[in-house]
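Residues or ranges marked as xanthine binding site by Swiss-Prot on the basis of similarity to another entry: L5, T12, K141. Residues or ranges marked as 5-phospho-alpha-D-ribose 1-diphosphate binding site in Swiss-Prot: A113, N114, G115, Q116, A117.
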Amino acid sequence: GDNILKVDSFLTHQVDFSLMREIGKVFAEKFASAGITKVVTIEASGIAPAVFTAEALNVPMIFAKKAKNITMNEGILTAQVYSFTKQVTSTVSIAGKFLSPEDKVLIIDDFLANGQAAKGLIQIIEQAGATVEAIGIVIEKSFQDGRDLLEKAGYPVLSLAR
C-alpha cells in the first residue's frame with residue numbers, strides 16, 4: 001500500500017548500529033537540558049534507537065512488552081494500544097518498580113503514525129506518577145494525525161524524518 005515505508009534494512013529487522021548510535025546522540029543532545037532519568041519505548045523496533053539514546057544520556061532504558069492477554073501480576077502497569085497497521089489491540093506493560101514519581105521520561109519510538117503507541121506509553125508512565133518530558137520519533141508519517149494528538153495533549157514531539 002501507499003502507507004508503507006520500507007525501513008527493514010536499518011531499523012525494523014536489520015539494525016544499522018552506527019546510524020542508531022547517531023540517532024541516539026541527536027535525541028540526547030536535543031533533550032540534554034530536560035533532566036531525563038529514563039528512556040521508555042515499546043518492543044520491538046523502538047528498542048534500538050531507545051537503547052542508544054539511553055546510552056548517550058547515561059540513563060536506563062525500559063521497553064514496554066506487548067502481550068495479547070497478560071496475567072496481571074502485582075505492580076504491573078498496563079495500557080491498551082491499537083495498531084492501525086496490524087489492526088489489532090495489544091496490552092502493553094511495564095513493571096511498576098522501574099518507574100517512580102521522580103522520573104522524567106523521554107519516550108523514543110521508531111514510528112509515529114496515529115500516536116497510539118505513544119499514547120499507551122504515556123498512560124503507563126503517568127500511572128507510575130512519572131512525568132513525560134518529550135517524545136522522540138525516528139520516522140514520522142506526517143500525513144497521519146499522531147503529532148497533532150500528542151502536541152494537543154501537551155507533549156513536545158521531535159521527529160528526525162517526516
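Positions of Cβ are set from backbone N, Cα and C atoms, glycine also.
Bear in mind that the values here come from a model prediction, so they are computed numbers and not experimental data.
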Taking just the CA atoms, what is the gap between K141 (xanthine binding site) and A113 (5-phospho-alpha-D-ribose 1-diphosphate binding site) in Å?
-> 5
DSSP, reduced to three states, assigns Q116 (5-phospho-alpha-D-ribose 1-diphosphate binding site) to helix
Sort out the sequence-distant neighbours of G115 (5-phospho-alpha-D-ribose 1-diphosphate binding site) for me: same chain, 6+ apart, CB within less than 8 Å of its CB, listed by position.
-> D145, G146, R147, D148, L149, L150
The most crowded of the binding-site residues A113, A117, judged by neighbouring Cβ atoms within 10 Å of its own Cβ, is A117
Using a 10 Å cut-off, grab the number of neighbouring Cβ atoms around the Cβ of K141 (xanthine binding site), all chains included.
-> 18
If you draw a 10 Å sphere around the Cβ of Q116 (5-phospho-alpha-D-ribose 1-diphosphate binding site), how many other Cβ atoms fall inside it, taking every protein chain shown into account?
-> 20
Tally every other Cβ atom lying within 10 Å of the Cβ atom of N114 (5-phospho-alpha-D-ribose 1-diphosphate binding site).
-> 17
Any further residue of that chain within 8 Å (Cβ to the Cβ centroid of A113, N114, G115, Q116, A117) of the recorded 5-phospho-alpha-D-ribose 1-diphosphate site | Y82, F84, L112, A118, K119, Q144, G146, L149
